[in-house]
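Asker: Copying in the features that TrEMBL gives for the protein in this structure:
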| type | residues | note |
| --- | --- | --- |
| TRANSMEM | 51-68 | transmembrane segment |
| TRANSMEM | 80-102 | transmembrane segment |
| TRANSMEM | 108-128 | transmembrane segment |
| TRANSMEM | 135-153 | transmembrane segment |
| TRANSMEM | 230-249 | transmembrane segment |
| TRANSMEM | 269-289 | transmembrane segment |
| TRANSMEM | 301-321 | transmembrane segment |
| TRANSMEM | 372-389 | transmembrane segment |
| TRANSMEM | 420-437 | transmembrane segment |
| TRANSMEM | 462-487 | transmembrane segment |
| TRANSMEM | 494-512 | transmembrane segment |
| TRANSMEM | 524-543 | transmembrane segment |
Amino acid sequence: MLKFPAVSSPSLNKFELTTSLFLALVSLGMVRLYALGRSGYEISYSDLNNVSGISLFILLLPAIINFIDIARLGKHRSQTIGFSALATLAAIAFIIFCSFLIPFIGYWFLSIVAIIGHVFLAIALFLLVTNSRPAQWLFVIIFAVLLLLWLYGRVYSSYHSPLFFENLSLGLGHMDTLFNASIMQMIKTYGIPSTGLNGTPYLPYHWGSNWLFARFSVFLNTSAITTYNLVYPALFLCLYFKASISLSYDVARQLSGNIHKSMGPGIKFWLFFLVANIGFMPSAFLQNWAVWESWIESESYAISLWFVFLTLSVILFVYNATIVNRSLQTKALLLLIPVLIPLIGLLKVSVLVVVLSGLVYIFIRMGLFRNISYLLIMLATLGLSYYMVKLTASDFIGEQDNFYPFHFMRTYILSSWRGLFYYVHYFWAIIYIIFRLKQANAFTYKSLQTAFHTNSLLDVEALIVIALVGFIPGTLLRIGGGSAYYFTDVQARLAIPLVLSFVLINSIPSLGKQADTFSLTNYLKRYALVIPMILFLLLTNIFSKFEDAVNINLANRINHVSSYAGSKGYLQNATPDIIAFISGNKSAIKDKLIDLRNVPFIGIQENPRYLLYKNLAELDKLDREDKQNKMIYVPRTSTWFWTESFSNPITTPFIIPALTGIKSVGGLPATFDFNFILAYGYQTYTTSLENNDYKSLSVDSVCNYGLQKNILAKEILLIEPEQNKISTLPCKP
């Protein structure tokens, strides 16, 4: 007997309202803290308002549709499992569609959608306050603030920064961001995934996230740097949490077969949510076991994960719809599956491989292959998934011997720490499996056998398969750059919404049909003495990360002062420690903060590189058609640009395409280490890197070089960095 019944409910979806508003507040807070991080520097308030409005529009649309559907139309269609995911995907698709139209219809339309997003916020706040007790919405605000502080700290203490553009002048911008911004810009201008360093050769890469950023950049009219440092955390990371919560809610309803009327998430749910996502162990401690937070740092990984969460919810929607109604019209919904699942590979191939293995396992175990419609859909899904893998996989042959048992563990984990690797790395998967086994009282061979034959623990089986498949690549193969983590970590990301679904089942009475056999509350009481310590460590993680980001922002400001010729006041001998900086004489705190706000930007404005990069960024404002007819050449004789911009010479070339949205000619590194040939898209320029033909380029020969390489544009913009001068080299076709 299958334990996956088709489910629908007529009750008001207060859970959707509460969680959507929760993430909307976090998103709004991220935009405001980003602005605070840029206090004293140039700020585009239109960018801030537009990003806020569009984020609110996407995050709140499912809740608003639910309100209209029930309160105004008297329908209950929006209560269907997976509806929230469908509405979210529809909102994203709407923005993407509009991004192709907005250059023609004008950016007044962006303002309209942004205003609608803010109206959604007002409606959602009104609905929550009028339909909840004060304690309930107060908890929502408190937990939103806690997540906001941690998220700001985690995002802006690593690859990203509110001052990323200014930091480029000091050679501090992270190469990963510049690399991804270059791909985004080439897609935006030429429609080709490429880094644009020497023409635009196709880059076999999981460029789906870059394409998505390009479309949102067009719609929001934001630069690549702003898109990666503001839009990504304010919208796309909030979408990660939103999709994870929605999946947990859908799985809880699917497994239990019911939903409680007008119930929002309780304090137990929020605590599990924060502990699972933020963690209660210090990140530096977890790094001993290679437990990283790449789902924050890696845009492609984060986006692939929330897309997986939404896709899984849609699969539940399609399954329920086709079980209840077998009409041809309903079966057409099955076509969503071979569209959505292969797209995961365009975002992150590793995630597609791992998730697809679990879906195939469920498909076989449930015997769905006996249905010709399901079988054809699965074959189409597998075929298109294979095509996506081929599309994003590089044909470049690097290191021949990739067989290396336990390479990931040997390389990234100290030998004295390896014994606990599996317990730490698979912690949340183990927790979920234990919870489900206790709930089903399945600890004997006979009970497990019964559960296997009745499919009552099919979710546990699929999670184990996903964990095993994700474990194999890093165990058998040498995968450079720690990228095996993008296989092994998938199980942890999927286990978290499953744990949250279990918390929901045990927290809400009508969801807890199986709760009689195992009470989560009673189970937690056994560890009552440990829980306060976990919460203390959780709060420590939150505030320490926030302080890290503030200190980095302070350090950047102190560095920016270095070019300032006037009085530097309190910043003269300041240290990058915000607590120490504002401590001491209370009457001086105000003066210190004024200096912190005003002096750094005056200093950076006198930096020659900053002035050059400002000029380059102006080129990005040209019409797309105009940029398509141009390419940029920076003379190889400019050591000030090619060798002194960054300590790592392979970072420098990305400055041009990332800031301008225009491809370079001969824009390859001054020196190149072939150990990096498979990194950052450099394999697409192998011939030029091997024969060094670009290094002998001159102003007189650049046109012929472009013609020989078949990359010549109508105009070549000559950049003279030391003089901060841009001129045109007309080339004859």
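All residue numbers here begin at 1 and follow the chain in the order shown.
Placement of Cβ uses the backbone N, Cα and C atoms for every residue, glycine included.
What's the neighbourhood like for these features in this structure?
Answerer: Sequence-distant contacts of the transmembrane segment (80-102), counting only residues of its own chain at least 6 positions beyond either end whose CB sits under 8 Å from a CB of the stretch, comprise 7-8, 16, 54, 57-58, 61-62, 65-66, 109-110, 113, 212, 215-216, 218-219, 239, 242-243, 246-247, 249-250, 253-254, 309-311, 313-318, 320-321.
Long-range neighbours of the transmembrane segment (108-128) within the same chain, counting only residues 6 or more positions beyond its ends whose Cβ lies under 8 Å from a Cβ of the stretch, are 17-18, 20-21, 24, 28, 49-50, 52-58, 60-61, 63-64, 67, 95, 98, 101-102, 137, 140, 219-221.
Sequence-distant neighbours of the transmembrane segment (135-153) (same chain, 6+ residues past either end, Cβ-Cβ under 8 Å): 18, 21-23, 25-26, 29-30, 33, 128-129, 233, 237, 241, 264, 267, 270, 273-274, 277-278, 539, 541-550.
Proximity of distant same-chain residues to the transmembrane segment (372-389), defined by a Cβ-Cβ separation under 8 Å and at least 6 residues beyond the stretch ends, is recorded for 322, 331, 334-335, 337-338, 341-346, 349, 352-353, 356, 360, 363.
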Asker: At a threshold of under 8 Å on Cβ distances, which of 51-68, 230-249, 269-289, 301-321, 420-437 pairs most often with the transmembrane segment (462-487)?
Answerer: 420-437
Asker: Against the transmembrane segment (51-68), which of these stretches has the most C-beta pairs under 8 Å: 230-249, 269-289, 301-321, 420-437?
Answerer: 230-249
Asker: At a threshold of under 8 Å on Cβ distances, which of 230-249, 269-289, 301-321 pairs most often with the transmembrane segment (420-437)?
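Answerer: Ranked by Cβ pairs under 8 Å, first place goes to 269-289.
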Asker: Grab the same-chain neighbours of the transmembrane segment (301-321) for me: Cβ-Cβ under 8 Å, and only residues 6 or more beyond its ends, written as numbers and ranges.
Answerer: 4, 6-8, 80-86, 88-89, 206, 208-209, 212, 236-237, 239-240, 242-244, 246-247, 250-251, 254, 294-295, 330, 333-334, 336-337, 340-341, 343-344, 347-348, 351-352, 355, 359, 486, 490, 493-494, 497
